[in-house]
Amino acid sequence: MTNIRKSHPLLKIINHSFIDLPTPSNISSWWNFGSLLGICLILQIITGLFLAMHYTSDTSTAFSSVAHICRDVNYGWLIRYMHANGASMFFICLFIHVGRGMYYGSYTFMETWNIGIILMFAVMATAFMGYVLPWGQMSFWGATVITNLLSAIPYIGPTLVEWIWGGFSVDKATLTRFFAFHFILPFIIAALAMVHLLFLHETGSNNPSGLNSDSDKIPFHPYYTMKDLLGMILLILALALLVLFFPDLLGDPDNYTPANPLNTPPHIKPEWYFLFAYAILRSIPNKLGGVLALVLSILILALLPFLHTSKQRSLMFRPITQTLYWVLVADLFTLTWIGGQPVEHPFVIIGQLASILYFSIILILMPISGHIENKILKLN
């Protein structure tokens, strides 16, 4: 008699995805972040659901409802800070996950990679709308500034902005619809993640060497279930450390002031995980140009499969491109720092140079270094 997990229609899917899945025997801890993202998503949906039970999406009561959650709801402060800092952990895992994909050439799985890019946009949209909900100063002005960028779209821009706002400014209608979208998007993200996995399991996982690993596969359970479990414990430990000791470390003090349309904060800036894109946006003096650069800063990932010139898939044995990769990582840290600084000298010029370097490395230098490495190894 066959095992129920191999014959039952539903258990069979779970079995092929998490138990008997043939997995390369040499994948490192950098491959843990996919499962960690899944844990982050589940955590965000659960904490978000409990927050939604007590939150009111009305401009007059939104701010005080968040204060009420923290003061009067049992462990409300814990749920609120787990949700807020859980978003930060989500993005840390997301950036590492994408970075690993870039380093080891996982973008050659085109369908998986493109679904991943769509997922990234969806997660960013969700996080942005979630930041608006507490209705503090930075929530209001962040929403105003970022939605206003759409007015740069020729012809339909201004109408589009008013349509998104549901009026002539960010107001009650905007907050209500942002809450509705913030609630529904994580479930869409969960569905997209399933599609992401579906496409991944069509090809099988990549591995650090970038070589075909069909001859050396091991079952996912117990090897990688245990390995993922360790990652999850460390993730929850890091989140607990952040939530219980430094809950406001990554937040903005301005968001503890209720939203006031008549008083602009001195420095309007988004959450830390958007600062690199915000720095790229600000480094271009033209509004439309800035918006295009902002979108391209993420959309450029879709070009990676076409910009791959090397005969090798992974960067493991490619020292020149490896160096460029780490320069790119350092550049992203620089952009993140610049995004949080005021618009004045020398930050403006540093931001512009860092933005030029970001696009140059991906579009020009990495493809050239791939060619050079082929020549050195006489692979042409």
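For all residues, glycine too, the Cβ spot is worked out from N, Cα and C.
Taken from Swiss-Prot, the feature heme b b562 binding site applies to HIS83, HIS182. Taking the Cβ of HIS83 (heme b b562 binding site) as centre and 10 Å as the limit, one finds 21 other Cβ atoms among all the protein chains shown.
Taken from Swiss-Prot, the feature heme b b566 binding site covers HIS97, HIS196, and the record attributes it to similarity to another entry. HIS196 (heme b b566 binding site) has a Cβ environment of 21 other Cβ atoms inside 10 Å.
Positions annotated as ubiquinone binding site by Swiss-Prot, on the basis of similarity to another entry: HIS201. In this structure, HIS201 (ubiquinone binding site) is part of a helix by DSSP.
Beyond the ends of the transmembrane segment (33-53), by six or more residues, the same chain brings 69, 79-80, 82-83, 86-87, 89-90, 93-94, 96-97, 100, 182-183, 186-187, 189-190, 193, 228, 231-232, 235-236, 239 to within a C-beta distance below 8 angstroms of the stretch. Under the heading transmembrane segment, Swiss-Prot lists 33-53 (among others).
Feature annotation from Swiss-Prot assigns transmembrane segment to 77-98 (among others). With a cut-off of 8 Å between Cβ atoms, the residues of this chain six or more beyond the transmembrane segment (77-98) that come close are 30, 33-34, 36-37, 40-41, 43-44, 47-48, 50-51, 66, 69-71, 116, 120, 123, 127, 130, 235, 238-239, 242-243, 247, 250-251, 271-273, 301.
Per Swiss-Prot, the feature transmembrane segment maps to 113-133 (among others).
Positions annotated as transmembrane segment by Swiss-Prot, on the basis of similarity to another entry: 178-198 (among others). Within the chain, the transmembrane segment (178-198) has long-range Cβ neighbours (under 8 A, six or more residues past its boundaries) at 17, 37-38, 41, 44-45, 48, 52, 55, 57, 112, 115-116, 118-119, 122-123, 125-126, 129-130, 132-133, 143.
Cβ atoms under 8 Å from those of the transmembrane segment (226-246) belong to residues 29, 32-33, 35-36, 39-40, 43, 78, 81-82, 85-86, 88-89, 93 of the same chain, restricted to positions at least 6 beyond its ends. The feature transmembrane segment is assigned by Swiss-Prot to 226-246 (among others).
What Swiss-Prot lists as transmembrane segment is 288-308 (among others). Sequence-distant neighbours of the transmembrane segment (288-308) (same chain, 6+ residues past either end, Cβ-Cβ under 8 Å): 98, 102, 105, 107-108, 110, 113-114, 117, 120-121, 124, 149-150, 152-154, 276-278, 280-282, 355, 358-359, 362-363, 366-367, 370.
Per Swiss-Prot, the feature transmembrane segment maps to 320-340 (among others); the stated evidence is similarity to another entry.
According to Swiss-Prot, the feature transmembrane segment maps to 347-367 (among others), an assignment based on similarity to another entry. Remote same-chain partners of the transmembrane segment (347-367), defined as residues 6 or more beyond its termini with a Cβ less than 8 Å from a stretch Cβ, comprise 279-280, 282-284, 293, 296-297, 300, 303-304, 307-309, 321, 324-325, 327-328, 331-332, 334-335, 338-339, 341.
Counting every protein chain shown, 14 other Cβ atoms lie within 10 Å of the Cβ of HIS201 (ubiquinone binding site). Counting same-chain residues at least six beyond the ends of the transmembrane segment (320-340), those with a Cβ under 8 angstroms from any Cβ of the stretch are 99, 102-103, 269-270, 272, 274-280, 282, 310, 347, 350-351, 354-355, 357-358, 361-362, 365-366, 369-370, 372-373. A straight line from the CA of HIS201 (ubiquinone binding site) to the CA of HIS97 (heme b b566 binding site) spans 17 Å. Here the Cβ of HIS97 (heme b b566 binding site) has 20 other Cβ atoms within 10 Å, regardless of which shown protein chain they belong to. Counting only the Cα atoms, the space from HIS83 (heme b b562 binding site) to HIS196 (heme b b566 binding site) is about 24 angstrom.
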